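Taken from Swiss-Prot, the feature domain 'Glutamine amidotransferase type-1' applies to 304-570. Taken from Swiss-Prot, the feature active site, for GATase activity covers CYS403, HIS532, GLU534, and the record attributes it to sequence analysis.
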Amino acid sequence: MKYVLVSGGVISGIGKGVIASSTGLLLKTLGLKVTSIKIDPYMNIDAGTMSPLEHGEVFVLNDGGEVDLDLGNYERYLNVTLTHDNNITTGKVYSNVIQKERRGDYLGKTVQIVPHVTNEIQDWVERVARIPVDQSGEEPDVCIVELGGTVGDIESAAFVEAMRQFQFRVGHENFVSIHVSLVPVINGEQKTKPTQQAIRDLRSLGITPDLIACRCKQPLEKSVIDKISLFCHVGPEQVLAVHDVSSTYHVPQLLEDKLLEYLKIRFALDKISVSRELALAGENMWSSWKHLTQGYDHLFKKVTIVLVGKYTHLQDSYISVIKALEHSAMRCGRKLDLQWVEASHLEASTNTSDPLSYHKAWHLVCSANGILVPGGFGSRGVEGMIAAAKWARENNTPYLGICLGMQVAVIEFARSVCGIEGAFSEEFDKECENNVVVYMPEIDKDKLGGTMRLGLRPTFFQPNSEWSKLRKLHKMVDEVLERHRHRYEINPAFVSRLEQGGISFIGKDERGERMEIIEKRDHPYFVGVQYHPEYLSKPLKPSPPIFGLVAASAGLLDEFIQSGEEVEWSNFSHFNAESALADMNDSVEVTEEATVVTIS
């Protein structure tokens, strides 16, 4: 087993997750089996009870694990299925150590950070690294370990010490350290001092980086690479320049030459036995990835989607939704133009308190090609979401509601079409007589952590739903598996009345009691799903519900359905520079003075 540690210095949020994912992707192109572990040095057991504004999106795994958003990156890049154990937190480690102490596993020893906590961390990494994560069902060859936060923070001290010891446990020949640092530009000059200091800090803790990934605005100058090489005691070939690019999908190509060449030699990868089947799959994956990124740069026609959410101040709160929209836009041959609307700005009260924000928000909603309302918790902004759903329904604007987004669409329909006065959700008004959304009876109302309906669960399309556009995108299957994260459901007592009003519950759970999918028949695309389709979307395999929204917004959905094509990429024949240039030529406006290219 080979291990790659990815750590960060200077500042957090520097792109360690993308670099870790890109490293894994490059190794997979060689036919190797790769897994990933994310270490989060916070005391929380998991990310389940954390606000998205505090830590970004809570990503949900097949087994119901509520984990850091970086595990979403790993799954998207590496096409693997991880478990909650692939996310290590201080809370989990300490909980395990305390349980062992209570059982007497330490035989009366004084329990300390070293060796007991550090050993627990190392044992965890070694155990999880051997769990199969792909379709081969075989033990991985390489494990990428990302250490969250910034080296030097007090929270990560035990994990850094554990990794220092771990490099000797597994052997130098099986362990590579990549340190990600920032190279800022001051007065037009790339500065290396922050990187030098970060490397000194890491060395003082016992870890010597093998590769230094330098995040920078522009490509690193040769003199800067030489300076980092000199003062950080690495060869110039061990300094990786990771400059800003148009899309994170380009990062693997930035790293390909230096990183892959170094790992091949250091890990003696040519000695690892790789089946012809996996080697060919790796080659095909890399070819597809390059075609995808090449085509992305030549997209000119836009599709405008407005996201009406509660946590728009931190876009990482919706990172999987953003990526899923990008995947679908690329599949449609469109450049995604994503506009953000704070849901509360659509509410009538905002017209009084902040009319500028109110009118700006409504202008974005009214001019969008499509509307997406994602999941969320709490009452803030809910009336704004309901207003957005009403606009989409009445004006034939393509709409997708995810989790809460489906619930607000049902509330709006109940009020406006079915005449259910005061229809609302038990989440926001427990005393309301007409709550069309209610608490699920099996859910613990007192304990928040890990008590929702979580993980991969089946949804069954109902009889007589053959007309459904969403079902057609799923190739008319009877059942789909999607990841869930919710406490509330559509009130079964109102289902019949809602269906009489004209909304169809085309998907239900295995018992036929829980409403999973809504769709409006006489609409270009009006769909709500109780699950979170964004969690399973991949660059080469977009999510059908989200693809449906983007395709309908681009005016391509009916044509796509009639063509019988798969949502998953089968080839890239229509996604290349030539077709993109044709699109661009279609949008060239000729005037007497000049030819103006309008990106529209």
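Residue 1 is the first one shown; counting continues down the chain.
Cβ atoms are placed via backbone N, Cα and C, with glycine included.
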Sequence-distant neighbours of HIS532 (active site, for GATase activity) in its chain (C-beta under 8 A, six or more apart): VAL60, SER320, GLY375, ILE402, CYS403, GLU482, ARG483, HIS484, ARG485
Residues that sit under 8 angstroms from GLU534 (active site, for GATase activity) by C-beta distance, when 6+ apart in the chain: SER320, VAL321, LYS323, ALA324, PRO374, ILE402, SER543, ILE546
Local Cβ density at CYS403 (active site, for GATase activity) - other Cβ atoms counted within 10 Å: 22
